Amino acid sequence: MKILGIETSCDETSAAVLSNGSVCSNIVSSQLCHTSFGGVVPELASREHERLIVSIVDSALSEANITKNDLDVIAATAGPGLIGAVMVGLCFGQAMAYALAIPFVPVNHIEAHIFSAFIQETPHHQAPEGDFISLTVSGGHTLLSHVHKDFTYEVIGRTLDDAAGEAFDKTGKMLGLPYPAGPVIDRLAKNGDPFFHEFPRALTAHSQTSKNYRGNSDFSFSGLKTSVLTFLKKQSPEFIEKHLPDIAASVQKAIVSVLVEKTVSAALAGNVKAISIAGGVSANSALRTSMKKACEQHGIAFHVPNAEYSTDNAAMIATLAGLLLAHDLVPRNRYNIAPFASFAAGRRKASLT
């Protein structure tokens, strides 16, 4: 089965081709036009997707050495994301599938991230064995989910304010770093002292997401942002410049330690033997190293996507579509799917909480 995946939920225009579960191409174009604004401008993102979508899809087909007539299925992100951006890829994918008279599969962007850790591990659309805890962490989302082997899942934790990636970007902006600041902080931190300054770690006392789950798995990063701002206001520009790697390392430690502690605690509380991380922040080297070490200490299997599948990409869209089709979990031949803005609105199962 040959699947074309399309992803346009934010500021990456991506198309990928999978053949029997193997990635044949994964073309990603990141929009640089937002850099001067310090964040993504929705209108600009939509226009860039519209400008690039045809050439990106053509490149994906060409690299996979196939034509559009060789495709069996087309899948595209239907949300959550910037509605205008989502609509570009969704409408393009639906129209293309309709014209080719082949099935179209709408994909939940966050669900695709959840399963992106298994792109290189599950050829031929084999589902992961057993349950796992998934940490999906990016600039827009910080979610902890208990994923069951039948593809149902419960969201057991989420951020109560800022997402982890947003915390990286906002503290980076305070430090005068370019957008997106997460990768820059990661690089600076390699030469810094993570114990230079003890920024607060928010370990919220009571869960507001899943009252039935044992333990609290919610996150909060707004206090960290305020603490960094207060700390920097007390320092001279010379001090900040001299200790920039140390401050970056200290900020990173505060964010990563909470992510690791909450995720591992959730696995232990639920007696789950596997953990996966996904989303743009999963590319952070400290998060990968710390989570792997913690999993090894507790005998928990650790799954993480290759670097190219951590950020938004169409390979994960096509991969999840293949998994869902193989297990007969999605309707086929629907060409009138509307985009959705929230994670909850796009869940596949009504029983999910």
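Any Cβ shown, glycine's included, is placed from N, Cα and C.
HIS113 (Fe cation binding site) falls within a helix when secondary structure is assigned with DSSP. Long-range Cβ contacts of HIS113 (Fe cation binding site) within its own chain (separation 6+, distance under 8 Å): THR136, SER138, ALA278, GLY279, MET316. Taken from Swiss-Prot, the feature Fe cation binding site applies to HIS109, HIS113, ASP312.
DSSP classifies THR136 (substrate binding site) as strand under the three-state reduction. Here Swiss-Prot flags THR136, VAL137, SER138, GLY139, GLY140, ASP169, GLY182, ASP186, ASN284 as substrate binding site, drawing on sequence analysis.
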Work out how many Å separate GLY182 (substrate binding site) and ASP312 (Fe cation binding site) at their Cα atoms, rounded off.
15
Rounded to a whole angstrom, what is the C-alpha distance between ASN284 (substrate binding site) and ASP312 (Fe cation binding site)?
15
Do me a favour and check the Cα-Cα span between HIS109 (Fe cation binding site) and GLY140 (substrate binding site); whole Å is fine.
12
To the nearest whole angstrom, what is the C-alpha distance linking GLY140 (substrate binding site) and ASP312 (Fe cation binding site)?
12
